Amino acid sequence: MALSVEKTSSGREYKVKDLFQADFGRLELELAEVEMPGLMACRTEFGPSQPFKGARISGSLHMTIQTAVLIETLTALGAEVRWCSCNIFSSQDHAAAAIARDSAAVFAWKGETLEEYWWCTERCLDWGVGGGPDLIVDDGGDATLLIHEGVKAEEEFEKSGKVPDPESTDNPEFKIVLTIIRDGLKTDASKYRKMKERLVGVSEETTTGVKRLYQMQESGTLLFPAINVNDSVTKSKFDNLYGCRHSLPDGLMRATDVMIAGKVAVVCGYGDVGKGCAAALKQAGARVIVTEIDPICALQALMEGIQILTLEDVVSEADIFVTTTGNKDIIMVDHMRKMKNNAIVCNIGHFDNEIDMNGLETYPGVKRITIKPQTDRWVFPETKTGIIVLAEGRLMNLGCATGHPSFVMSCSFTNQVIAQLELWNEKASGKYEKKVYVLPKHLDEKVAALHLGKLGARLTKLTKSQSDYISIPIEGPYKLRLYRY
């Protein structure tokens with residue numbers, strides 16, 4: 001693949017769409033800083049002591065303006081950083097340009113091919129002589145996956161001389177991963193094992209990536225400690241819920257200009273992301289229907305006045321379909337064939353396998369009409385009617401809009417900084433084994449507290465008598481570990 005790394009005048013590596021967009025990115029970054037009090041508080045509290053001095057951090061997370069503030073928080077605390085996006089459509093090119101010019105090595109641009117995406121991921125992990133990163137900030141688990149698959153292939157190659165065969169899988173993306181690893185064996189047959197030996201740990205941002213980590217922990221194949229940032233309350237109950245409540249209608253309207261009021265909208269899944277999406281559509285005037293497998297989540301939806309049906313019940317009646325499950329094969333091509341003309345189909349889960357894009361793309365005689373970037377009308381030959389698919393089945397709020405707003409991302413990214421600090425500060429203590437951990441409650445509460453002042457909140461304080469009565473410390477933590485917010 002004919003891609004090459006470029007360098008700034010200071011020698012920093014990068015590959016972005018257009019470095020001349022850096023000034024624009026810097027202006028938006030400065031606006032975002034005001035809306036991200038948690039990250040700015042981290043700079044104030046930890047910056048003087050430079051706790052990340054000597055640390056190499058690789059990040060695979062949407063290269064947005066908000067992520068730019070996270071990156072510059074990590075560098076302000078002393079880290080060296082290399083970054084790529086975790087989605088081919090989610091990068092904001094002006095944000096990538098600003099960071100590449102001013103702060104860190106970035107390999108990201110909006111509209112990457114899958115080959116380019118994995119090239120960027122490989123570059124993000126490549127620190128040259130001396131192995132890879134000390135720490136990983138991951139979103140969806142692709143950087144973690146590449147290292148695990150690389151180590152597995154190197155061990156097999158050393159034992160038997162066998163190299164990965166890209167044709168051994170039907171998954172087109174995994175073919176690319178195996179090709180990268182196979183080609184890497186020719187130049188360095190221990191590259192990923194050297195990365196593994198150096199790695200202190202990973203902090204994972206999203207539900208999908210966390211599932212991967214727990215699967216590896218269960219199978220005994222997890223190679224390094226991991227902190228599950230997603231299940232911090234100040235992440236899942238804010239980013240996943242309120243972030244999606246904001247960004248789903250933003251993406252829908254930017255992509256289609258459709259009026260949501262009066263439409264029938266189907267939300268597949270009613271976890272935190274699904275709850276935010278359903279609330280947004282309901283507030284916009286849609287008649288919302290939810291599909292669910294979990295009776296508890298289904299009952300929650302019913303208590304909100306939302307009908308629970310199967311996709312088959314409503315596929316020919318609804319106007320908007322949103323997948324939020326984190327699972328595969330939710331909306332299949334046979335469902336899409338039965339939809340009404342110009343029904344909108346989109347996904348706000350991390351990967352592109354919730355909607356059967358392969359089945360749609362290979363359907364005999366189907367015609368794809370690109371209306372604008374990330375907005376395509378697919379016309380079926382039998383009916384001459386079509387559906388509108390957003391962001392090619394990938395994250396529509398980042399593919400068709402700019403994702404979640406800065407304030408809610410400050411909550412998530414403050415958790416990331418704290419998780420990275422926790423891993424780095426405890427690297428020699430043995431506190432963290434090759435398992436998945438969640439940040440303790442007092443740190444979760446600290447993240448929330450850092451964001452209250454921006455909104456003008458004033459907390460009530462327990463008296464000593466009240467504290468003794470309910471056996472809760474005056475300064476917290478205020479809830480038990482299993483409390484459900």
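Even glycines carry a Cβ here, placed using N, Cα and C.
In Swiss-Prot this protein carries:
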BINDING   Thr64, Asp139, Glu205, Lys235, Asp239  substrate binding site
BINDING   206-208, Asn240, 269-274, Glu292, Asn327, 348-350, Asn397  NAD(+) binding site
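Feature map: Swiss-Prot annotations on the structure.
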| residue | record | DSSP (3 states) |
| --- | --- | --- |
| Asp139 | substrate binding site | coil |
| Glu205 | substrate binding site | coil |
| Lys235 | substrate binding site | helix |
| Gly271 | NAD(+) binding site | coil |
| Glu292 | NAD(+) binding site | coil |
| Ile348 | NAD(+) binding site | coil |
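Reported as a whole number, the C-alpha separation between Thr64 (substrate binding site) and His350 (NAD(+) binding site) equals 16 Å. Taking the Cβ of Ile348 (NAD(+) binding site) as centre and 10 Å as the limit, one finds 30 other Cβ atoms among all the protein chains shown. Recorded residues Asp139 (substrate binding site) and His350 (NAD(+) binding site) have their alpha carbons 9 Å apart, per Cα-Cα distance. The binding-site residues recorded for this entry are Gly269, Gly271, Val273, Glu292, Ile348, and the Cα of Val273 lies nearest to that of Asp239 (substrate binding site). DSSP assigns Thr64 (substrate binding site) to coil in the three-state reduction, placing it in neither a helix nor a strand. Per Cα geometry, Thr206 is the residue among the binding-site residues Thr206, Glu292, His350 nearest to Lys235 (substrate binding site). In this structure, the binding-site residues Thr64, Thr206, Thr208 were compared by how many other Cβ atoms lie within 10 Å of their Cβ, and the smallest count belongs to Thr208.
Residues Thr64, Asp139, Glu205, Lys235, Asp239 are recorded as binding substrate; their most distant pair of Cα atoms lies 17 Å apart. Put plainly, the binding-site residues Gly269, Gly271 were compared by Cβ crowding within 10 Å, and the winner is Gly269. Within 10 Å of the C-beta of Asp139 (substrate binding site) we count 26 further C-beta atoms, all protein chains included. Residue density at Glu205 (substrate binding site): 28 other Cβ atoms are found within 10 A of its Cβ, drawing on all protein chains shown.
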